[in-house]
Each structure stands twice: as C-alpha cells, then as structure tokens.
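Peer 1: This is the structure I have questions about; it appears just below.
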Amino acid sequence: MTHEEHHAAKTLGIGKAIAVLTSGGDAQGMNAAVRAVVRVGIFTGARVFFVHEGYQGLVDGGDHIREATWESVSMMLQLGGTVIGSARCKDFREREGRLRAAHNLVKRGITNLCVIGGDGSLTGADTFRSEWSDLLSDLQKAGKITAEEATKSSYLNIVGLVGSIDNDFCGTDMTIGTDSALHRIIEIVDAITTTAQSHQRTFVLEVMGRHCGYLALVTSLSCGADWVFIPECPPDDDWEEHLCRRLSETRTRGSRLNIIIVAEGAIDKNGKPITSEEIKELVVKRLGYDTRVTVLGHVQRGGTPSAFDRILGSRMGVEAVMALLEGTPDTPACVVSLSGNQAVRLPLMECVQVTKDVTKAMNDRKFDEAMKLRGRSFMNNWEVYKLLAHIRPPVSKTSATMHTVAVMNVGAPAAGMNAAVRSTVRIGLIQGNRVLVVHDGFEGLAKGQIEEAGWSYVGGWTGQGGSKLGTKRTLPKKSFEQISANITKFNIQGLIIIGGFEAYTGGLELMEGRKQFDELCIPFVVIPATVSNNVPGSDFSVGADTALNTICTTCDRIKQSAAGTKRRVFIIETMGGYCGYLATMAGLAAGADAAYIFEEPFTIRDLQANVEHLVQKMKTTVKRGLVLRNEKCNENYTTDFIFNLYSEEGKGIFDSRKNVLGHMQQGGSPTPFDRNFATKMGAKAMNWMSGKIKESYRNGRIFANTPDSGCVLGMRKRALVFQPVTELKDQTDFDHRIPKEQWWLKLRPILKILAKYEIDLDTTEHAHLEHISRKRSGETSI
C-alpha cells in the first residue's frame, strides 16, 4: 500500500455519516459489532449514529437517533444482548413507516446504514434501499426535504451483519451469537449430566431453532447425545423403535444416563411436529425409564458473549465500515460474513434467497436439498453425528481385515484432547479396527504403557478437560529401539498423535527414524492440540478456544475491579510460549489497550507511547487500562519490568497492578468449539488412517515410507487438510516453536484502532465481494 492509500483510510469517512442499528432477536456479540462500527467509523473521520430500538427507532426518529462517541461504547464488549436496544417493528413493514425513516436519515445527512440482525431484518434493509430514490422524491414533493438535501443523500449504502443465535443464515459459517448460545446450552447439559448419572435418568432437552437444527446438532456432537431431532432431517418412519433400541443398548453397555436433544422445530417425514413431551411419553411407556424434559428457552440468548463472538463481532464490524465507505451507487447491498476463518462480503439478496430456498425445500419435504443448501459445515457435522450415534458398535472380533491403530497425547494438556481421543477410538471401532491407547505420550510408547480401548472405555469423555490418557513432552528419538520393539509387540499399524508442538516435532523425528528402523514405517497423523495454537499447518489448535475464554473471563473481572477503583492499569501475562495468538486474540476479545507479543518486536519507545496513551485515556471518562503481555515476548522487557515502568511513569496519574494467569489457562471444561472441532478432527484422522493402512499393506505387512504417510491434519482457511510433516519443515521457526507465517497477525491493526491508536489501516483483512454459489462448490469446509 502506498503512503497515499495509508492516509486514505483515515480520511475515507470524512463528510460521511453512518447509522448502526440492531434489529430482530438479540444475540450475544452484537455489542462487540456496534463498538467496532462506532470506533472504526470515527477512526476514518465519519460521524456515527446509534439508532435505538431497531427499525422502530429509525421510524420514530427524535431521541432514538443519537450521535455516538468513542467513550459511549466503552465497557460494552462483555455485555450480552444489545445495549442500543432492539424491537420487532410493524411500522417499517409499511411504506409509510419507511418514508418516515428515510426522512429521519436525510435530515441528519446519513447515507450509510449498518444493520445487525437476522434474515428478516436484512431483507427489510434491502427493500428500504431499493425504494430509496422513490421515497426521496415523495418526500421532496411533500415539501419535507429540499432538493439540495435529496441530491446530497441521493443513494443509500447498506451492509448487513448477521446476528442470530440459530446460525440459520446461508452464506456464513457462523452468525454472531451462535457460539455463545452453544456455551449456554453446554453449561446446562454438563450440569444436567451429573444429576442424570446420579439417578440413572433420561433427559430430553429442547433447544432453540424453529427452522434450523444447527444448535441441536452441534450440541449433540459436543455432549455425545444418544439422539438428536432436527427439522432438516426428519427421522425414518419407525424412529420410535430405533430410538428405544438405541437407548436400551446404551444402558446395557453400562451408561447411567441418556440424553436426547430436540430442536424446537423438529418434525417427522410428514411434517408433523415431534415434541419433547411426546418423546418423554414414548420412553416412559416403552422402556420405563425415569425421564425428564428440560426446555432451555431464552437462557440461550442471555449471558456473556464468548471470546469467539466478541472477535467475530469486532472483525465483522471493521469490515462493515470499510464496505460502507467503499460503496458506490452500483455496489449491491452486502453481508459481511465468515467463511472458515476469513472475512468475506456476499451479496445480501443472494444469501437471503438461499436462506428462503432452505425453508421452501423443507416445506416441500425435499429434506436432502435443505441439508445441501445449509452448506458443507452443516453436512459434515451431520455425517460425524450419524457415525458416532447411529451405527452400532461392532462386537469385538479378530479377523484378517482388522488393523491396529494406537492413539496418544503428547505435549502439555489442552481442553478437547479427550474429545479427540473419544472420536478416534469410536470411529476406529466402527470401521472394524482394533484401537489401542497409549498412556504418557512417547514415554509410554517406549515403556509399553499400552492397552486396548473398547467402546465404553471413552464414554463421557467429550466434556472432560485436560488429558485422561496422560501426556508428556518427551520426544521419541531417545527411545527408538524400545518404541520399535513395542510397535512390533503390539502389532501397531498406525499412530494418531494428539498434541502440541512436541507432537509435530515427534512426527518429524519418526520420519527421520524410518531410515534406521523399519518398524517406524507406519502411517501417522498429528492432530494439533495446544493452548498456544503454534502448530505449523493449522490455523487453529484444539484447546486454544478454551484457553481464550478463560483469559477473557479473567480480564472481564479484572476490568470490573479497575472500573471500581478508577485510574488503574492492569498488566496481564498470558501463556503461549513465543506464540502471541492468545495475547492478541484475548486483547481483541477483552478490549485491551495493548498486547505485547514476540512476533511484533517492540522497543522502549513503544512502551513509552503506550504509557502516554494511557495518561491521555485517564483524562476521559474511561479511567482504567488493560495491557496483555505474552510470556516470552521479550526476555528483557519482562512483566515485572513493564509493571515497574508503568508504575513509575504513571505516578500521580494512575497506579498499576500485575497478574500472571499461569496454568489456569490449560484447565477447565472444553468449550463447544473445542469439543466439536476435536470430534471432527478425530473422525477425519481415523478415516484417513484406515485408507492409508490399506494403501501401505504389502506382502502381509504394513510398510509406509512416503512423505504423505506422516501428516499434520490442520484447518487452513476454509478446509481441513492433511499436510506431510516434511513439507511443513520449511514453514517452521524451530528456535521459537512457531510457524513462520501466522494468519492472525493481520488482525493486530484492528486491536490497535479499537484502542484508539493513530495507525495505518493497511494490513486488515481485505474482503472482496464473492458469490454464494461459487463459495458452496469450493473446498470441503469443516
């Protein structure tokens, strides 16, 4: 970018006005989006207005449309719901109402509208835009606006952000609020599990989703439910028989509870609703189980937004402002959405149309089509669910076709490791393999701490944090002889390694060892699982989302304490080794003033600039500061050094406190994202493994010595991909245990702009308008 273009971002909004409103049902994370729109709007030189109470405020005007300031969006990030209010508005559906809304906007010179809401709200916005010129000529004829005002506001730009807990909008992988709603549901499922086990009960849980089964489907994957009912895929006609057989089989195998998840819009093949009460009566009548119904209701909309939703809201808000200010009369109204982990712009009406097509397909009972239209991510969730829940576990048998696969954890514990182990073990058994589990990583493999795992061995593991198998950082090189002996002794034909940077390095060592030891010529795959998110070959690691949420919750509490004492700055040290992922993302999610990381070298002048920035901040109404520091960002500028510097420089203006978060970041129950991600990664790894073993089978034994027989399974942009460890070698900085290129570094400017730094907006995400049809035929997403 040239210097002129740098400058352009800061002046892009001069003379323009943006209005932001939230409409329809509220969703956690809407406040993060509002905050980002306001702050980035002000950063570009535009005036930004809040529209209170959704479209109703737009129609009523007056005090409902107020100018926003930088401070007016402070302390909003961690609040659920929408601070500027939302309402379902009948007036806006009538042309008369839209005429009044247009009048209110023209009088204030607002020609850019950012709408945060569901598909109904966004369709309304598009109608408003298409009528705009007619509305203006009507207002001019009625003498309500002058010709000059009409010319000045000749066209209206509209950008939509999808805020909906149902995740029912086509074209976006995740809508704002969905992840937080899953957090609420999983908290409740975890709580119910303990009481159900105590009494050997069956629970029927009803979750939201009138026309979309996303919440129900992901919940059932995340808690290992016995059955799920979703509107997109009604059960077969004899489902009652199947359900009861499934429940009694689970009990026979020693489980003390059954969980059935029902989406509120669940139907059978004929379109007749399936209710929770109906399911309860069926189970009681046929099986005589003690059965309870819990309807979760509006709990799912409430509570604190998750880290994912805060980051999603912030990223989408920044992109929305850019889309509005770059808009011309010819650009179509667009939706800013997420695909994989990339921000994309999609034509609003294309997305709305596909969303309507899903409803139509369901009404016409074309359920296969409805599933396809929901997108790849939804389909993959459904496939994994069907595998884990509906296929009967095989009776153990020793046949010639059976292969032996071992599963192990390596590195430091990370939440979600157990979910990955569970899904690899069960998918392996379903495919007719013998699955062994190795305790204590490569050390256990050398010592022979290996046992066979059956179906119920991993029962209830999905929601448990840490590593049940035990994990060590030891690398295999020192013990190749013992490891080779055990591979032969236990007849191990494939290895699934779940872990962090050590798992990846261990994989490279196994590759090297193949030259000396033929026994090591077996396929292996690494599933990245570490809080640091520093494994080459993957944008995300299992466990990082849980750690991020732990840091966020702590930062919220610390900010609350600082808000009470006033004029206080907190310096918080996060984990991550040399990788600044946790510090950066937690900085975005918690609204930090700065985040110091190794990947972005800083000097004493930068520290001084931050102190001066905080001195200025204390003069405003926001009298507190939050600074994050990655544990290894600089060997000399330690947490103590930064704390002492801030304490000295801030004397008389603010006082400082420091907090080292430590190992609490590795613990806790895994978040829905980590459970779901780990389950899908485990399933995909085991499928790959079965194929690879068959490929490598020669003359009665396994022999795999090609580079593609040792891979890392990672999420790259929009797809899950297997990459040979040897190919990833060049992309790795081994001294600092990080990948040479990291996607999240491009989000750092957003962090700085939202903290009011005068920087150049040159490296934020540049999303171009794509078409939804092209997106759907792309790579396999997860």
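Every residue gets a Cβ built from N, Cα and C, even glycine.
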Peer 1: Looking at Swiss-Prot, which one out of ARG201, ARG286 binds substrate in the same site as SER164, ILE165, ASP166, MET208, GLY209, ARG210, GLU264, ARG292, HIS298, VAL299, GLN300, ARG301?
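Peer 2: Among the candidates, Swiss-Prot records only ARG201 at this substrate site.
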Peer 1: Out of GLY25, GLY29, GLY177, which is the one Swiss-Prot records at the ATP site of ARG88, CYS89, GLY118, ASP119, GLY120, SER121?
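Peer 2: Of GLY25, GLY29, GLY177, GLY25 joins ARG88, CYS89, GLY118, ASP119, GLY120, SER121 in the ATP site that Swiss-Prot records.
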Peer 1: Based on Cα coordinates, which of the following recorded positions are within 10 Å of SER164 (substrate binding site): ASP119, SER377, SER532, HIS663, SER669?
Peer 2: ASP119
Peer 1: Which binding-site residues (ARG301, ARG568, GLY577, HIS663, GLN666) fall within 10 Å of LYS559 (N6-(2-hydroxyisobutyryl)lysine) by Cα distance?
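Peer 2: Neighbours among binding-site residues, in sequence order: ARG568.
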Peer 1: In the predicted model, what is the mean pLDDT computed over the region 'Interdomain linker' (391-403)?
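Peer 2: Averaged over the region 'Interdomain linker' (391-403), the predicted model reaches a pLDDT of 65.
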Peer 1: Check the Cα-Cα distances from SER133 (phosphoserine) to the binding-site residues ASP119, ARG210, ARG292, SER532, HIS663 and tell me which is shortest.
Peer 2: ASP119
Peer 1: Work through the recorded positions one by one (ASP166, ARG210, VAL299, GLY577, HIS663) and name whichever has its CA nearest to the CA of ASP119 (Mg(2+) binding site).
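Peer 2: Sorting the recorded positions by distance from ASP119 (Mg(2+) binding site), the top entry is ASP166.
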Peer 1: Whole-number Å distance between the CA of GLN666 (beta-D-fructose 2,6-bisphosphate binding site) and the CA of SER377 (phosphoserine)?
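Peer 2: Per the Cα atoms, GLN666 (beta-D-fructose 2,6-bisphosphate binding site) and SER377 (phosphoserine) stand 28 Å apart.
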Peer 1: Rounded to a whole number, how many Å is the Cα of SER532 (beta-D-fructose 2,6-bisphosphate binding site) away from the Cα of MET208 (substrate binding site)?
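Peer 2: Each residue's Cα considered, SER532 (beta-D-fructose 2,6-bisphosphate binding site) and MET208 (substrate binding site) end up 33 Å apart.
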Peer 1: So of all those recorded positions, ASP166, SER377, ARG568, GLY577, which one's Cα sits nearest to ARG301 (substrate binding site)?
Peer 2: ASP166
